[in-house]
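Everything on this sheet refers to the single structure shown next.
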Amino acid sequence: MHIKNSKRIVALGVLAALSLTGCAAGGSSGGSGGDAAACAPSDGKVDLTFTSWIPGIDKVVDIWNKENPDIQVTVQTGPNGNGGTYKNFFNQLSAGNAPDLGQIEYDALPNFRVQDGLTNIASCKNVTESKDDFIDWTWNQVTFGEDDAVYAIPQDTGPMAMYYRKDLFEKAGIPVPTTWDEYAAAAKTIRSQGGYITNFPQNDVNWFAGLVWQADGRWFSNDGDKWDVTLTSPESEKVADYWQGLISNDLVSKVPAWTDEWNNAYNTGSDWTWISAVWGANSISSGAPDTSGNWAVAPMPQWKAGDTKAGNWGGSSTAVLKGSKHPYEAAQFALWLNTSDEALTALNKEANLYPATKAGLKLPVLSEGVDFYGGQKIYDTFATAANETNPDFVWGPTMTQTYGDVADGFGEVLGGTGTLTDALKTGQQKTIDALDAAAIPVNK
Amino acid sequence: MSQISAGAPKEKLASRTAAMIVMGISTLYFLVPIWWLFIGSTKSREQFSSTAGLWFADFNLFTNIADLFAYNDGVYLRWMLNSIVYASFGALLGTLFAAMCGYALAKYRFPGRELIFNTVLGGVLVPATALALPLFLIFSQFNATNTFWSVFLPSIVSPFGVYLARIFAAASVPDELLEAARLDGAGEVRTFFSVSRRLMTPALVTIFLFQFVAIWNNFFLPLIMLRDQTLFPVTLGLYTWNSQVNQIPEIRTFVIIGAFLSIIPLIIAFLSLQRFWRGGLGAGSVK
C-alpha cells in the first residue's frame, strides 16, 4: 500500500513537472532554462533519425534532404505501432537511444505522454503558430489541452463516412439513409432481400470509438490531475444499444473484419454498406474488385435529422521523442512533412495518407473523381467530415489494453452471450484497474 | 496353422495401410499451407480474394516476382541476402564453436567440466525470446544496436549445439585415435581439425542445420535491435509489410509471394544436407 501510494505521488509529480518544463528536459542542447530559450537551433550540420512504418516515406524525406543539406533526416522503419514499434520506442527511450522523431498514432500519444516519452516543442519556431493550419480536433490530440504545450505535429486523419452500394440501393428502391433510424430501417429491408446492411467487427474497437465520437461521446478525459474513464457514458451506451439491436435482430453480418471472408461479403454484394474512414476507400477497391463502379460515399447517418457530425477512425502524428538533442530542427522537419504541399502530395501518393491540415484537404489529388466510386469526388465528402469531427475526443493512456478487453466482450456478443453495453462496462472497469496498476491517477 | 499364416500378411497389410494413412494425413497437413502459399503467389491481387484459395486462377507468378523485386527499390532482395548472410555465417561459426566446445567437454578432463556443461545445458532451457530485451540493453551500452553485429553476434551461440557435439564426440571419437594422433606429433588443434572434425561431421551438419533454421526464423531479436531496413532479415521485413496490409492493400501480394520465396533457401539447405543429417541422427541413436 505504501509503495503504491508513493508511486502514485511520483507519477503525479512527473505530470506536474512536465507541464512546467519545456524542451529543456532530456539533455537537449538548449540547456536547462525556461521553455522559450530551450528550443534553439543547433550549430552546424544536424543529423536526425525518424522512425516511421509508412511504406515509401523515405522517398518523401528524400525531398527534404535535398532541400536542406544542413538538416539531414535518416528514415528508420519497423512494423506498425502496435505491431512492435511502440514497444521498441519505449525500450529505446529507457536505453537512451530513441530516434529524434517517431510516428505515433493519436490513440497512442497519451501513453507516451504519461510515460514521459515526448518532448514539448511548443517553444520551437512556428510550432504554436501553425495551430490554425490543422483540423481543429487534431491539434487537441497533440497538446492534450495543456497550455504552452505541443508534443507532436498531426500527420493524417481518418474522417468517417458511409460507403454504400449505390446500384443495390437504387434497385431495391431504398433511399440512402441520412439518420441512424433510417439506417436501421434500411437494414430490415436489405435483410428481407437476403443481404446485410453491414458487418459488425469484433476487433475494430477503435472503429466503434469513432461511432461514439460522432455521437459526441467521450471515453476519457483528464483534468490535469486525474483521468476519468467514461466508456459507459450515455452517448457511448446509446451507440452500443443501437448496434446491439442490429446484432440481436440478425441485421448485420458478424464476419471477422479484414479476412477473405469479409472481403468476399463485399465482393459478392451480400454486405451493402461500410461506415468507415477515408483510407477504407482502398480496402474496398482491393477487397471487392468485382464491384467496381457500383459504390458511392455519403456522409455518416446522423443521430438527429439535420445534424452534421462525423467520427474519426485512425490517423497519426509525428512526435519529437524525449532525448532528442535537436528539437528545433526536428520540429521544423515535422512541420514541413505535415504541412507542405509537396510532402502531403507525396505522402498521399506513396501511402494514401489523408492530410491533417485544412489546406491539405484541397490538394489537387484529393479533388479528383475516383473510378471505383463511379467517378464520384469522394474526398469532398471526407473533407467535410474532417471539419465536422468533434474536437474534444480524448484517448486514454492504455488503449491497447482497453481495445483488447472491449474486443473480448464484443466477441462474446457476436457469439451470442452478453450485450455490447456489458462489454463496455467490463472494458471500463478493466481500464480503471489497468490505470491504477500503472500508478496513473484515475477516478474510480 | 494355415489360418495363422493366412492372417499374418493381412495384418501386415492393414497396419501398413494404417501407417500410410497417418503419414499421408500428416504430409497433407504440412504441405497444404505451402500449397496455399504457392497458389496465392501465382494470383493477381484482384483474384487473390475472389477465387478459391487452393487452386490456380490466372498464372501471374513471374509478374508478381518481378513486382516484388522492384517494389521499394528491391528492398526484398536485400532482406533475402541479409537472411542468407546472418543464417549461413552465423550457423557456420555457431557450429564451429559448438563443435570445439562440445569436443573439449567430451575429451578433456579438467576441474569444473560438469559445471560448465550443466550451465550450457541450462542455456538450452532459456528461450531466445527472453534474452532479446536484455541483449538490447547491453548492446545499447556499446551503441551497437541497429548494426549487423547486434543480430549476428547473438546468433553464433548454440547451447543445444554444444550438447549435441559433446554427446556425439564422446560416442564417435575414440580416445585411442587421439592417442595415436598425439604420438604422431599432431598438436591438439590439428588433431581436432583433421581427425575429430571428420568423425563428427554428421553431428556438425545437424548442428549447422538446426542453427541455420533457428537464425533464419529468428524474428524477435531483429525486431527489437534493428531500425534500418537495409539490415532487416526477411522475416522482419515481411512482418513489417504485413502490419500495413489493412491500410495499404497493394502490399498483400508482396507479403504472400515474399513469404513463399523466403522458404526456398530453407528447402534447398535441407535437401542438400539431409543425406548427412539422416546419417547423423541414426549414428547418434545407435551408439
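Heads up, the Cβ atoms here are built off N, Cα and C, so glycines get one too.
The domain 'ABC transmembrane type-1' feature in TrEMBL is assigned to B:80-272.
Summarising the annotation, TrEMBL assigns transmembrane segment to B:18-39 (among others).
What TrEMBL lists as transmembrane segment is B:51-71 (among others).
Among the features that TrEMBL reports, transmembrane segment is placed at B:83-106 (among others).
Per TrEMBL, the feature transmembrane segment maps to B:115-139 (among others).
The transmembrane segment feature in TrEMBL is assigned to B:151-173 (among others).
For B:203-226 (among others), the entry in TrEMBL reads transmembrane segment. Listed as Cβ neighbours of the transmembrane segment (B:203-226) (distance under 8 Å, sequence separation of 6 or more from its ends, same chain) are residues 83, 86-88, 90-92, 94-95, 98-99, 128-129, 132-133, 135-136, 139, 145-146, 150-151, 154-155, 158, 160-161, 164-165, 168-169, 172, 197, 232-233, 235-236, 239, 265-266, 269-270, 273, 276-277, 280-281, 284.
According to TrEMBL, the transmembrane segment annotation covers B:251-273 (among others).
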Item to check | Stretch in B:18-39, B:83-106, B:251-273 most in contact with the transmembrane segment (B:115-139), if contact is a CB pair under 8 A | outcome: B:83-106
Item to check | Top partner of the transmembrane segment (B:83-106) among B:18-39, B:51-71, B:151-173, B:251-273 - counted as Cβ pairs under 8 Å | outcome: B:151-173
Item to check | For the transmembrane segment (B:151-173), distant same-chain residues with Cβ under 8 A (at least six beyond the ends) | outcome: 86, 89-90, 93-95, 97-99, 101-103, 105-107, 117, 120-124, 128, 131, 135, 195-196, 199-200, 202-204, 206-207, 210-211, 214-215, 218, 221-222, 225-226, 231, 233, 280, 283-284, 287
Item to check | Folded-back contacts onto the transmembrane segment (B:18-39), same chain, C-beta under 8 angstroms, at least six residues removed | outcome: 53-56, 256, 259-260, 263
